Each structure stands twice: as structure tokens, then as C-alpha cells.
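**Q** Take a look at what TrEMBL says about it:
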TRANSMEM  B:28-48  transmembrane segment
TRANSMEM  B:68-89  transmembrane segment
TRANSMEM  B:109-132  transmembrane segment
TRANSMEM  B:138-159  transmembrane segment
TRANSMEM  B:180-203  transmembrane segment
TRANSMEM  B:234-256  transmembrane segment
TRANSMEM  B:268-301  transmembrane segment
TRANSMEM  B:313-330  transmembrane segment
Amino acid sequence: MTTSSRWRALTQHHLFWPVAVLVLLLLVNVPFTPDFFSVRMSGGHLYGSLVSIVLFGSPLILVAVGMTLVIATGGIDLSVGAVVAITGALACSYISHQADQNALSGVLLAMGLGLLAAVVCGLWNGFLVARMGIQPIIATLIIMVAGRGVAQLISGGQIITVNSDPYKLIGGGYWLTLPFSIFVVAVVVAVTVALTRRTALGLLVESVGGNAEASRLVGIRSRRIKIMVYVFCALCAGIAGLMISSNTSAADGNNAGLWIELDAILAVVIGGTSLLGGRFSVGGTVVGALVIQTLTTTIYTIGVPTQTNLVFKAAVVIVVCLLQSPKFRARLFGARFGGKGSATPAAAPADTAAAADAAPKMEVS
Amino acid sequence: MSATTQSPTAPDSRAPSKARRLLGDQRLPVAATALLFLVMYGVGLSRYQYYGFAEPQVFLNLFIDNGYLLVAAVGATFVILSGGIDLSVGSMMGFTTMFTAWLVERQGVPLPLVIPMALGVGAFGGFLMGYVIQNFEIQPFIVTLAGLFLFRGLCLVISKESISISDASVSSMADAQVSLGVGFLSIGAIVALVVLAVAFYVLHYTRFGRRVYAIGGNEHSAMLMGLPQGGTKIAVYTVSGFCSALAGLLFTLYIQSGDPLHATGMELDAIAAVVIGGTLLTGGSGYVLGTLFGVLVLGLIKSIIQFEGTLSSWWTKIATGVLLCVFILVQRIMTARKRT
């Protein structure tokens, strides 16, 4: 009984399933690539599967961390992919017009411009959601649709290539033997965790996500917090946009960051943050993003045709969502441990509880 | 709210409350979209009259070129009216083009057999998603996102390259013109209009339609009233899956090939059409005829940009985004007015 209850406590920890899936995915690689976990030094840089998973996963981690806070307030941001494209297009087109593309001041200005555009997008999303009271999925749909058009407008419908060493550093360079983007991600994640877990900010965000109207009534400036999370999310997407365009030294208005919003939402969900808002886990999101990136890498290393990548991803989404569904768990584990009868009574109260939860939410939004 | 005490059929003599009632009318967004369509068409007429914009065929081409979008948007209307969302529309359409092209071209299955198979697969896919949404209480957004990945992946599993269709039965069907006197419509456009008519009947004149509105209005109330909300929800996603597959078939006819990247992002066009058509994304309010106008407005933007000649295609995206924004704000202001 004690082992079973300890097992229960472990499986109910919010990071259990994401980490379990990640470890499982990493282990799957070992029979196919025996030196999967080895990291070697070459030319002053660290190489290895683990390093490249973090490197290629960096933009996704950034976008997903921003998305986590938005989702924690009960919102969603579909515009991140478009923001990635706009930021990259703006920065690259500015650099490409410079006489000396390697000039540090020009590159910094280009990055500043790109990030400024991202912040404006975030302010716009936040304004629509918090001030106008529009459903987040719809409010952010506007930039999702129009944003790629704007990105193509900026780049003149072409893929802008740049040849700038300082700009190349952000997404493709190395620092202290590690890819530079890993440091960028580490700083963003550390700042986010510090702000949300060492100050009351995280609590406020969760409170707004739990019930925006109630938090406003107890004196939390819920609108300001909502605008803030959308700006933060867009800023993260902007940094990811710089990273992606820097890594390829090119800005593609049409394809940069394509589907990244979906991957980011997926990472957040895998990480155990509820899409209903009210609680979040930045750590879970990072693990979730790593799961997605590891999945992609695993598919390559196993030698499965790459086109089945999406089918695997779909399978992971379904499995993770089912495992997170209390009703599914009740049906699966209830049937195994508690006999046949326990599944139905366990499911019924959950049903009404969820419905009761949903009802007041509907009136507020 | 003094107007509420009067019987609804009595003619209202006081002007202010009449205006207020008009603003509160749920049909207003549809009327606004229809008006927008007419204004845009008028602008088109005045600007491009020497380029043949006034020809009836230009108007009929809107249906020919956007028939598939209309069918997909009608499916999305059902889902959105029920308070849900379906992100798998574009993938399902892409998958249908691949599935059809592969069966017809590579396997030599006759088209009359392939059509019901494709529709069956689409409906079953929708049913599965609805089943998971209903029975495991996972958000529609995330379940249909899994559907998006799954069907796009299955496209690529069938073939990485596009398959062009040279089958005679497909091309004869695609090239068939139904004469209307002043112009012609394609079979795809006729099918789309039939789908619209059926959806109109189902949503406004059947018990199922009323249930869709009821669970979109307030699912909890609908449940307490004893409506079979579970079955309705599953049925709504089945309808959407079916419509997506049908839209995919029309797209196959229109473009005469299957490609793993066909109809990418079409779910957003469909959602945009529904929103511009005046359906509330929170569910429970809207008209499928509004969706028709939404599709026509989106189609007209494309036509005008083609006629303009100097404008690049990305202006379509920007214009769609701006329109979406305007309509969402109008909807918001109207619902705010209704509540106070």
C-alpha cells in the first residue's frame, strides 16, 4: 500500500510525465546511436547529440516560455510565428542595407528594431485581449494572418540574406565552447523563473488566470498583467526570430517560424501547464520543448523516414493529453487498481466539477 | 430595456428603442458583411470597369475559385457555433487531395469509389476527434491540433512529392461547366452551394441545429436541460471532418493534383471567413449565410488584388488581417452593448 501511494505521489508530481517521456525518448536513441550521450570537444566547441538538441531547440524553448505565461493567464498567443518572421525580416533587411554589415552598432540597432517591432505586436495583442476583451485565440489570430504579409512586405517578398559575423553569433555562434544561443535561453529562462517564483509576479499571473474578474476586485491590476504577458511572449518570440534568422543568415517572411506557435503550445501542454490557465510551470515547458526537439532528433537517428515526423508528433500530443486527462486516468488506472465499478463513479463527479468550473469562466470572458 | 415589455411582433413606434433594437439584432453582423461585400464590389466595378470586372462571370468565378473554402468554412461554422474550434481543417483537406490522387493515379481505383472513401475517412477522423474531446474532456484546440499534425504527417507518408492527376474522369468533372445563361459555374461551385443550403436547413430548421446553438450558448445549461450534448458535440466534429474532406475533394478537382502541402493554413481562412461572417467565436450566435458572405469577401479581396495587378499577393494576408480585426472589434462593441 505504501509503495503504491508513494508511486502515486511521484506520478502526480507535475514534472513526472514530461520528464519520464523525455528520459524514455533519450533512452530510445541509445541502441541506435551507442555514443548518444557522449559529448566531445572539437575545435574549441562542444559537440554531441545532447548539445545539438538544446541548440536546435533554443528558439522553441524561448517561444514556449513566453507562451507559458500567456497560457497561465488563461490566454493563448497564435501570433508568435508571425512575430518571429517580422523580427527576422526587419533585423535582416536593416543589416542588409548597411554599408558595413559587420559593424556592431548597426547589428545592435537592427536587433533593437526587430525587438521593438515584436514589443509593438505584443502591445497590440495585449490591448485587444485586456482592454477590448476579445478572446485571445481570435485577437492573436489577426497578427497571425496579417503578420506574415507584413514580414513579406518588409522583405519585399524575398528571402533576405545577410553576411554579418556579429549577427551570426546569436543563433549560430559559440561562446565558452557552447552554442551562444544556449546562454541566451538560459538567461531568459533564469530571468523568467526569478521574476515569477522569487517575486509575487507569478502568483499574480496565476491569479489572473484563475479568475481575472475576481483578481481585479481584490486589487490586482489584471489588465496590466495581461498586457505584460503578451508583451513578454512577443519579446521572447522576437528573440527567437533573431536566433532563427541569425542561424541561417537569412530572413524568410513566409517560412520562418512556421508552425512554431503550435509546437510552443504543445511544449507548454506537455510541460503540464493547463490550457485553462491558473497555474504554470516554466520548468515543465522547457522539458516539454526538449521533448519535442528530442523527438525530432530521435526520428532522424532511428532512421525513420523524416516525413513521419508529424505523425509521431501527433501521437505524442495524443498520449500526453490523454495521460493528463483526469477522466482518462480514472478510466485506465481506476479499472486496473480499483476494479470495474470505480471508473464510472469517479468519472461522474469529475464531469460535473469540470462543467461547474467552465460555467463561471464563460460569464467572465 | 423598456422595449422588452412589448410583444415582439408589435411594430415599435419609438425611434430610439427601434435603433437600439436594430443594434442589438443578431443579424446585423451578417448585414454588415453583406454591405461590405457590395461596397467592395462597387469599388471594383468603378475601378476596373474597362477590364471586364462588370462581367457576370467575374462574380460567378468567386464561387468557382472559393467553393472549397466555402465548404470548409461551413464545417467550421458548425464547430464554432457549438463553442469549439477545429484546427485540422487544412490538414484534412491536404490529406484528402493526397489520398484521392494516390488512389486514382497510383492504385487505379475508379473515382466514384474514391469519393465515398475519402468522405468516410474525413467523417471518421472528425468523429474520433469529437470522441476524444467529449469523453476525455481535453480541449478541442489541442485535440484538433493533434489532428492537424496527424493528417499532415499522413499526407507525407503517402508521398513526399505531389501527385498530378491525369485521370479522364477527374479532368472531365473538373472541366465541366454548368451554364447559367449569363455565365457558368463549375461542379465544385454547385456542390458548395448545395452544402451551404443543406447546412442552412440543418442549423435553422432541425432539432440538431438547435442543439448546436444551445451547447454553444451555454453548455452547462444545455446539459441541465437534458440535451444530449455529448452526442451533439461528437456529431459537430464529424460534420466538420466530413466538410473538410469534401472541401479537399473540391480542391483536388480545382487543382487536379495531390500535394502534401496543399491547403496549408486553410483552417485559418475558414475561421476568418466564419468570423467575418458575423459568427461569435464564443459560440451560440451566428448564421451560416454570414459564412457565405465571409468567403465571398475574402474571395473578392483576392480578385481585386489580381485586377489591381501591381499589388503583391501578400497584401491579401494583410487585408484579411485588417478585415478580421475590424469585424472582431465590431462584434465586441455589439456584444458589449447587448450586455449593458
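From the backbone N, Cα and C atoms, a Cβ is placed for every residue, glycine too.
These figures come from a predicted structure and were not determined experimentally.
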**Q** At a Cβ cut-off of 8 Å, and with pairs 6 or more apart in sequence only, do we get at least 3 pairs between the transmembrane segment (B:234-256) and the transmembrane segment (B:28-48), yes or no?
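**A** Between the transmembrane segment (B:234-256) and the transmembrane segment (B:28-48), contact is absent.
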**Q** Assess whether the transmembrane segment (B:180-203) lies in contact with the transmembrane segment (B:68-89), where contact requires at least three Cβ pairs under 8 Å among residues 6 or more apart in sequence.
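**A** Yes; at least 3 Cβ pairs under 8 Å.
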**Q** When each of B:68-89, B:138-159, B:268-301 is checked against the transmembrane segment (B:28-48) for Cβ pairs under 8 Å, which one has the most?
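**A** By Cβ pairs under 8 Å, B:268-301 leads among B:68-89, B:138-159, B:268-301.
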**Q** Considering only the recorded stretches B:138-159, B:268-301, B:313-330, state which has the highest number of Cβ pairs under 8 Å to the transmembrane segment (B:68-89).
**A** B:268-301
